[in-house]
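Participant: My questions will all concern the structure given below.
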Amino acid sequence: MASKRALVILAKGAEEMETVIPVDIMRRAGIKVTVAGLAGKDPVQCSRDVMICPDTSLEDAKKQGPYDVVVLPGGNLGAQNLSESPVVKEILKEQESRKGLIAAICAGPTALLAHEIGFGSKVTTHPGAKDKMMNGSHYSYSESRVEKDGLILTSRGPGTSFEFALAIVEALSGKEAADQVKAPLVLKD
């Protein structure tokens, strides 16, 4: 079986933990992860001034698709940049139309709203993004730490990054694969 493929879209202002933890966990699970810079291949300044080097530009990554999952990290500025990008919209619309998994964390789900993705789904966000996400009646809201509704997987924030990442692994590769990755991490149950 071919290995699963993930696209993580990295925008200026992305939340570091919500980017790096899912990338790390998915790679531990054998998922081929591409970290794509929204603005190109140059290092990206994240929300806490950590610089992350993307693997490639989003334009180049788009040509290498399709992906089994598209991941949107949070961070207020990062989510705003994702929300304003026509390329992100195109990728998300294509992912939704081909029934591929879309995963977003913290403020990241607001990009789903901006691009009209997953309307009717139950979602969660960072508490600070709830009002924005619920503007209109496009989604139902959950206070769960991770919420999966069909092919839309959302989570709350930096403190839920491991759970979010493991939920992506489980959705793509099964519970056994997620459990194998989780075991040596010494996570609190």
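Each Cβ is built from the backbone N, Cα and C atoms, and glycine gets one as well.
Look at Swiss-Prot and you will find Ala2 tagged as N-acetylalanine. Residues or ranges marked as S-palmitoyl cysteine in Swiss-Prot: Cys46, Cys53, Cys106. According to Swiss-Prot, the feature phosphotyrosine maps to Tyr67. Positions annotated as cysteine sulfinic acid (-SO2H) by Swiss-Prot, on the basis of similarity to another entry: Cys106. Summarising the annotation, Swiss-Prot assigns active site, nucleophile to Cys106 and lists similarity to another entry as the type of evidence. Look at Swiss-Prot and you will find His126 tagged as active site. For Lys130, the entry in Swiss-Prot reads SUMO cross-link, with the evidence type similarity to another entry. Residues annotated as N6-acetyllysine in Swiss-Prot, with similarity to another entry given as evidence: Lys148. Taken from Swiss-Prot, the feature N6-succinyllysine covers Lys182, and the record attributes it to similarity to another entry.
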Participant: Restricting the comparison to the recorded positions Ala2, His126, Lys148, which residue's C-alpha is spatially nearest the C-alpha of Cys46 (S-palmitoyl cysteine)?
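Facilitator: That would be His126, nearest by Cα distance.
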Participant: When a 10 Å sphere is centred on the Cβ of Cys46 (S-palmitoyl cysteine), how many other Cβ atoms does it contain?
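Facilitator: Looking across every protein chain shown, the total is 24.
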Participant: Within 10 Å of each Cβ, count the other Cβ atoms and name the one among the recorded positions His126, Lys148, Lys182 with the highest count.
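Facilitator: Top count of Cβ atoms within 10 Å goes to His126.
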Participant: Between the Cα atoms of the residue listed as 'active site' and Cys106 (cysteine sulfinic acid (-SO2H)), what distance do you get, rounded to the nearest Å?
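Facilitator: Distance (Cα to Cα, whole Å): 4 Å.
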Participant: How big is the Cα-to-Cα gap, in Å, between Tyr67 (phosphotyrosine) and the residue listed as 'SUMO cross-link'?
Facilitator: 28
Participant: Need the DSSP three-state call for Lys182 (N6-succinyllysine) to compare against my parser.
Facilitator: helix
Participant: Nearest to Cys53 (S-palmitoyl cysteine) in three-dimensional space, by Cα, is which of the recorded positions Ala2, Cys106, Lys130, Lys148, Lys182?
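Facilitator: The answer is Cys106.
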Participant: Please work out the number of neighbouring Cβ atoms within 10 Å of the Cβ of Cys53 (S-palmitoyl cysteine), leaving out its own Cβ.
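Facilitator: Cβ-Cβ neighbours of Cys53 (S-palmitoyl cysteine) within 10 Å number 11.
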Participant: In sequence order, which residues at least six apart in the same chain have a CB under 8 Å from the CB of the residue listed as 'SUMO cross-link'?
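Facilitator: Looking at Cβ-Cβ distances below 8 Å from the residue listed as 'SUMO cross-link', excluding near sequence neighbours, one finds Tyr141.
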Participant: Kindly assign Tyr67 (phosphotyrosine) to one of the three DSSP-derived states: helix, strand or coil.
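Facilitator: The three-state answer is coil.
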Participant: With the residue listed as 'N6-acetyllysine' as the reference Cα, tell me which of the modified residues Ala2, Cys106, Lys182 is the closest one.
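Facilitator: Comparing Cα positions, the closest of these modified residues turns out to be Cys106.
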Participant: Fill in the CA-CA distance, Ala2 (N-acetylalanine) to Lys182 (N6-succinyllysine), as an integer in Å.
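Facilitator: Counting only the Cα atoms, the answer is 22 Å.
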Participant: Between Lys182 (N6-succinyllysine) and Cys106 (cysteine sulfinic acid (-SO2H)), how far is it from one CA atom to the other, in Å?
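Facilitator: Cα-Cα distance, Lys182 (N6-succinyllysine) to Cys106 (cysteine sulfinic acid (-SO2H)): 21 Å.
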